[in-house]
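To start, the structure itself, in structure tokens.
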Amino acid sequence: MQEELTMPSNKHRNRGSKINDDTMMQNTPSQEYEDDEIEEMQDTDFKKFMIRTFMIRTFRSFQKQILELQKSLMDKIENLSRENEILRKSQNETQKLVEQESVIVKRNQNEMKSSIDQMTNTLESLKNRMGEAEERISDLEDRAQENIQSNQRKEEEIRNLKNIVGNLQDTIKKTNIRVLGVPEGMEREKGLEGLFSEILAENFPGLEKDRDILVQEAHRTPNKHDQKRSSPRHVVIKLTTVKHKEKILKCAREKRQITLRGSPIRLTADFSSETLQARREWRDIAQVLREKNCQPRILYPAKLSFVNEGEIKTFHSKQKLKDFVATRPALQKILKDVLHSETQKHGHQYERRERK
């Protein structure tokens, strides 16, 4: 719209210039023009002027756009230059960091290599030590096995020696009778020999009159009295002959209930402690067999004898008795509970020994 406003002013200005030119031309005597030609020439010049003006404006517009584009490009170039500079600096810094990291990594690699070499040497040393330790352990195991076998042999020898000693003691004490249950201090009045004579008179009047029965020695065992012991010490009576000992014990078995001044006591052969324990272990079984009229007896030194199906059977150990009972259903039924309780009792004793 500004162009439209400017165009008339230019047109008027051009026209004014043209009038001046025409005036000058009219004043020139050598040229004569017609009015139509003048008008035609003015229109042609105006068109040229408009074309030239349009071209100038177009050129200026292009020039302005080119300048703006050039400025934009320069700005972009400048930005790119700055970014390139930043990238270059960053690249340099990154390169320095990479070089530093490379040095650190190389140093770490060397350290790791050194550590690996040390670890390898240590592992090799440990392997050698383990090999030596395994050899030592193997030697110790062999020695331990030898010691176990040696200990087993020694234990077996000790058991055999104990059996031999027990048998010797049982043989040496063949004429002795052990009296259980005599209260402490009762012997102060008559002595142990007098108490034994009183036992014979109270329980076996016929034997008391037998003048051949003589007491060689009488004492309590152990020799010293332990105040913490709840039961009285046993009394050991040594007779002159085995025949007298067997005669008294036979009468005691037949009478069953032996007393001293009305209090119950027991008479038994003077066996070793191991033999006494073995004889005690037959008591429960013998009691059950006695209730079933099997006529059980504990023979010298610690054997169980009873009647089964009209035959007398004798057993030296409970294992042999169990093996025999397994073949006799009726007898197995009789002894089932007592043998089971015996097995449990021995199992608990074994567990206690293992804990110790």
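For all residues, glycine too, the Cβ spot is worked out from N, Cα and C.
Not measured: the values here are computed from a predicted model.
Mean model confidence for the coiled coil (70-178) is a pLDDT of 84. Marked as coiled coil by TrEMBL: 70-178.
Residues of the domain 'L1 transposable element RRM' (175-270) grouped by DSSP class, helix first, strand second and coil last, total 35 helix, 28 strand, 33 coil. Summarising the annotation, TrEMBL assigns domain 'L1 transposable element RRM' to 175-270.
Look at TrEMBL and you will find 274-337 tagged as domain 'L1 transposable element dsRBD-like'. When the domain 'L1 transposable element dsRBD-like' (274-337) is classified with DSSP, helix, strand and coil residues number 33 helix, 14 strand, 17 coil.
The region 'Disordered' annotation in TrEMBL covers 1-38.
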